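Notes for the one structure printed next.
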Amino acid sequence: MTSRLIPVAPFVLTVFGATGDLSRRKLLPALFHRDIDGQIPDDAVIIGVSRRPLSDEEFRNFARQALVDHVAESDLEGGALERFLGRLSYIAADADADPGWPELAHRVSGLPGHIPVYYLATAPHLFGPICERLGKFGLADHGRVVIEKPIGKDLESALKLNEQVGKIFPEDQVYRIDHYLGKETVQNLMALRFANALFEPLWNNAHIDHVQITVAEALGVEDRAGYYDTAGAMRDMVQNHMLQLLCLVAMEPPSSLEADAVRDEKLKVLRALKPIDDHNMASVTVRGQYRAGASAGGAVPGYLEELGSERSETETFVAVKAEVENWRWAGVPFYLRTGKRLASRVSEIVVGFRPVPHSVFGDAVGAIVPNRLVIRLQPDEGVKLWLMIKDPGPGGIRLTHVPLDMSFAKAFKVRNPDAYERLLLDVVRGNQTLFMRRDEVEAAWRWVDPILSAWRGAKDPPRPYTAGTWGPSAAIALIERDGRTWLEDGA
Ligand code: BG6
């Protein structure tokens with residue numbers, strides 16, 4: 001396939017946890033897609049590492065199956081699959097023991113012109129030990145390390161983890177992935193705000209009434225109940241993905257897209273979040289847990305059944321009314337809501353503008369609905385701007401509310417790349433703009449910790465909601481108390 005994309009520099013990517021779920025579902029398919037688009041140089045090398053003793057051939061077979069399962073059949077044709085598999089090799093090594101490491105060091109140092117990248121697709125408790133061994137075997141010097149959430153379970157553990165990684169790798173070699181930042185529409189949010197003169201003058205409390213950020217999933221916790229029960233929706237989604245979205249909506253225009261210019265602005269937002277603790281937790285947060293119900297036309301079990309336990313206080317739903325205490329946003333609530341087993345899978349940001357100050361359409365039929373800008377992350381990525389127009393036809397002015405609707409799939413007719421495709425190549429390019437800096441992660445925990453602590457101290461457990469609904473009714477009350485309502489599709 002001919003490509004208008006520029007290949008990245010040669011690299012040697014070592015994936016720790018190469019036989020795990022993230023590697024199978026996301027990393028290998030992402031690398032493969034970049035390869036067929038011609039972005040991976042011929043001499044790039046991918047080394048899989050895990051504890052399992054496997055030959056190169058066995059690892060290639062594992063990768064072949066992963067690609068058959070996760071890539072469109074038509075993309076695997078024409079020798080593309082075999083060419084990609086030819087890049088792969090395997091080393092068995094344990095984070096806590098030396099065998100295997102000298103061989104890894106030998107292979108990486110045998111490729112002096114290649115950029116060394118280490119992707120830690122492992123459990124977070126292994127980040128420290130793996131970094132230590134990377135240091136011990138001389139692999140850290142020019143290497144870049146990629147880690148992913150959970151980065152800690154609270155501020156204290158995040159500080160410790162960042163410390164362990166930071167002992168070996170300086171911050172400009174650490175890439176903390178939040179895959180939401182690699183999503184096409186999330187980057188589009190920056191394009192929308194900063195490549196158009198239209199919105200920025202209105203982007204403040206004089207013109208914006210409130211913002212809603214919804215990340216709703218129809219699936220339950222499936223086979224991840226073990227991990228999920230130690231995390232819950234606040235740690236799994238709010239501390240990272242949702243706060244990152246909030247930051248991109250609320251940040252001041254950075255002076256450039258340089259990594260630190262963007263990250264400095266996001267950090268200021270996180271630091272300006274109004275604290276939520278024992279005093280206000282009950283009035284501005286709602287947590288829920290799903291019970292058995294229906295999804296996609298079939299009966300589905302409740303969280304406790306999936307967990308195989310009679311009791312758990314882990315929340316599978318969170319709604320929060322957040323506030324950014326600065327000049328631009330004072331008085332503008334940011335309503336966040338996320339949950340598993342909700343009515344449908346939809347992620348979107350709705351920016352609700354203020355109503356017109358005065359209606360000149362005295363007896364026109366149809367109320368004037370305030371404008372809304374809806375940025376739809378998934379599915380059907382796109383942007384909608386809801387406007388009032390006159391209903392066509394004679395008979396006087398009747399007003400109606402319609403969207404200027406730009407669906408990316410219809411407008412561009414290209415495959416929407418997975419977030420990991422973008423992010424993995426950004427690591428090779430040395431571009432940290434879409435990665436979280438250490439102080440951002442820590443600031444997010446500083447806001448989240450007191451909420452978790454207030455919940456722990458509360459007498460009532462998470463509120464039950466039926467699977468396949470929009471969460472506990474208290475979440476509806478949370479926003480309706482303010483005279484607003486959750487908007488599905490911004491309508
Ligand atoms: C992950 C969470 O970070 O994001 C999962 O751990 C969640 O629980 C997932 O399902 C959602 O990602 P996406 O890209 O499917 O919206």
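Including glycine, each Cβ sits where the backbone N, Cα and C put it.
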Substrate binding in TrEMBL involves His179, Lys183, Glu217, Asp236; of Lys321, Lys340, Lys384, the partner in that site is Lys340
Given that TrEMBL records Gly17, Ala18, Thr19, Gly20, Asp21, Leu22, Ser23, Arg24, Lys149 as binding NADP(+), the matching residue among Arg51, Arg107, Arg133 is Arg51
Across all protein chains shown, the one of the binding-site residues Asp21, Asp236 with the most other Cβ atoms within 10 Å of its Cβ is Asp236
Taking Gly17, Thr19, Asp236, Lys340 as the binding-site residues, the residues having C-beta under 6 A from ligand 1 are Asp236
Taken over the domain 'Glucose-6-phosphate dehydrogenase NAD-binding' (15-188), the predicted model's pLDDT averages 95
Note: among binding-site residues Arg51, His179, least Cβ-dense neighbourhood at 10 Å is Arg51
Whole-number Å distance separating the Cα atoms of Thr19 (NADP(+) binding site) and Glu217 (substrate binding site) is 26
